[in-house]
């Protein structure tokens, strides 16, 4: 009996090892990442990794019953169920509504397993059918090959993204260089009028100098004009005024206040009035000969008193 039981265990272990050599059973049925799974849910008929086995245990034995391939002993019923199902047929039923080769997110693996087996969201039928009725498609590939193709696709996408980034950076560099060239051309075009204005500056400088020369010549012409000549009549008038006697000072008058000027002159003495008015007239004499005019009042010591002056001063009848 003991030998038969031990032989059964050994035969069951050999069957499980042979099942693990199949392509679809080399990768975990749930996460599809970890290879060489050493755990299994015998009622569901799937081989899983140690991480997913912990999630299966949390679902409860009414959903999944987990055993170790190496450490636990397997019965004939358990081994037969694993032989009937396997990862390929199990996923054909439990993931029927998912896209082929779907790989769940590593951070949401627990939610994925719970939704897959407990809520039965992606099952093919509400009732679990016989595994022999589930025929895998001819063009289906093992999960390991799918993962390899996914890795290749990811690498190609990353390389294409890198090439796109390099192309975009090269385009940006070209655009930047073009903008710099345009800005340099614009700056040169803006600086060219300044150069033209610099070349025209000497002509603008000569114009004020010419005007200054004209102004200086006009001023010099004014100063260089001949001085006006004094007419002969003005010279004769000056000589006449020089020969006339000058009025005497008030010291030789009478004892009365203001002397002979106390009474106003009558109309009959027109000669005296005209005589005293003569020095007050303005003649044609210019300021060019200031020394020709005699001072209106001179002292008694400058020249001798004439008889006419004494008559004018001492004669009282003249002022009547």
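Here the Cβ of each residue, glycine as well, is placed from N, Cα and C on the backbone.
Among the ranges 99-135, 284-320, the one that Swiss-Prot lists as region 'Disordered' is 284-320. When Swiss-Prot is compared with the stretches 3-27, 28-52, the one noted as zinc finger is 28-52. Residues in the domain 'Arf-GAP' (13-132) partition by DSSP class (helix H, G, I; strand E, B; coil) as 55 helix, 11 strand, 54 coil. In this model, the domain 'Arf-GAP' (13-132) carries an average pLDDT of 95.
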